[in-house]
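Visitor: From Swiss-Prot, here are the annotated features:
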- Cys39-Cys66: disulfide bond (DISULFID)
- Cys42-Cys51: disulfide bond (DISULFID)
- Cys58-Cys85: disulfide bond (DISULFID)
- Cys94-Cys111: disulfide bond (DISULFID)
- Cys112-Cys117: disulfide bond (DISULFID)
- 37-128: domain 'UPAR/Ly6' (DOMAIN)
- Asn73: N-linked glycosylation site (CARBOHYD)
- 1-29: signal peptide (SIGNAL)
Amino acid sequence: MGAEYGCLPSTSQALYVILLIVLVRMSLVFVQFPKYLRCYRCLLETKELGCLLGSDICLAPPGSSCMTLLIKNSSSGSDIMVSDCRHKEQMSDCSYTRSSPVFGFWIFSRCCLREFCNNPQNRVFYIP
């Protein structure tokens, strides 16, 4: 009689096999999701007061970047910053310096490709 049961797996072995199959399938599902870049988002920020409207996190899809705009008033020296995600279709204007339509203001744009690279502790501006 013992030989008859030697070929059949025990209940615990069957459960382990099922659990292993489920875990392998779950890991394959998670591998298929693209990795999003996490960026700092603040729509109105000054160096003196920080983020005025509250900050949060945005997710940039693969091939996209984090971005910070610096709007500089050349006469008063006050700076306003906007930080957000930049989709790959919009990355043509990632690094530029141009005058604003408003006299005396300049706009500097900078993109970066690391996690939270545009948050206040990590960002560096190269301003002429």
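A Cβ is built for glycine as well, from the same backbone N, Cα and C atoms used for every other residue.
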Visitor: Distance between Cys51 (disulfide bond) and Asn73 (N-linked glycosylation site) at the Cα atoms, whole Å?
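Guide: Pair distance, Cα basis, whole Å: 18 Å.
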Visitor: Can you tell me which recorded positions out of Cys66, Asn73, Cys117 are within 10 A of Cys111 (disulfide bond) by Cα, answering none if there aren't any?
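Guide: The recorded positions passing the 10 Å Cα test are Cys66, Cys117.
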Visitor: Within the domain 'UPAR/Ly6' (37-128) only, compute the mean pLDDT.
Guide: 88
Visitor: C-alpha of Cys42 (disulfide bond) to C-alpha of Cys58 (disulfide bond): distance in Å?
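Guide: Cys42 (disulfide bond) to Cys58 (disulfide bond), Cα-Cα distance: 10 Å.
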Visitor: List nothing but the one residue from Cys85, Cys112 whose Cβ has the fewest other Cβ atoms within 10 Å; the candidates are the disulfide-bonded residues.
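Guide: The disulfide-bonded residues Cys85, Cys112 were compared, and Cys112 has the fewest Cβ atoms within 10 Å.
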Visitor: The residue listed as 'N-linked glycosylation site' to Cys39 (disulfide bond): how many Å between their Cα atoms?
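Guide: Given the Cα positions, the residue listed as 'N-linked glycosylation site' is 26 Å from Cys39 (disulfide bond).
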Visitor: Between the disulfide-bonded residues Cys39, Cys112, Cys117, which lies closest to Cys85 (disulfide bond), Cα to Cα?
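Guide: Among Cys39, Cys112, Cys117, Cys39.
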Visitor: Sort out the sequence-distant neighbours of Cys66 (disulfide bond) for me: same chain, 6+ apart, CB within less than 8 Å of its CB, listed by position.
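Guide: Listed in sequence order, they are Leu37, Cys39, Tyr40, Ala60, Ser83, Asp84, Cys85, Arg86, Cys111, Cys112, Leu113, Arg114, Phe116, Cys117, Asn118.
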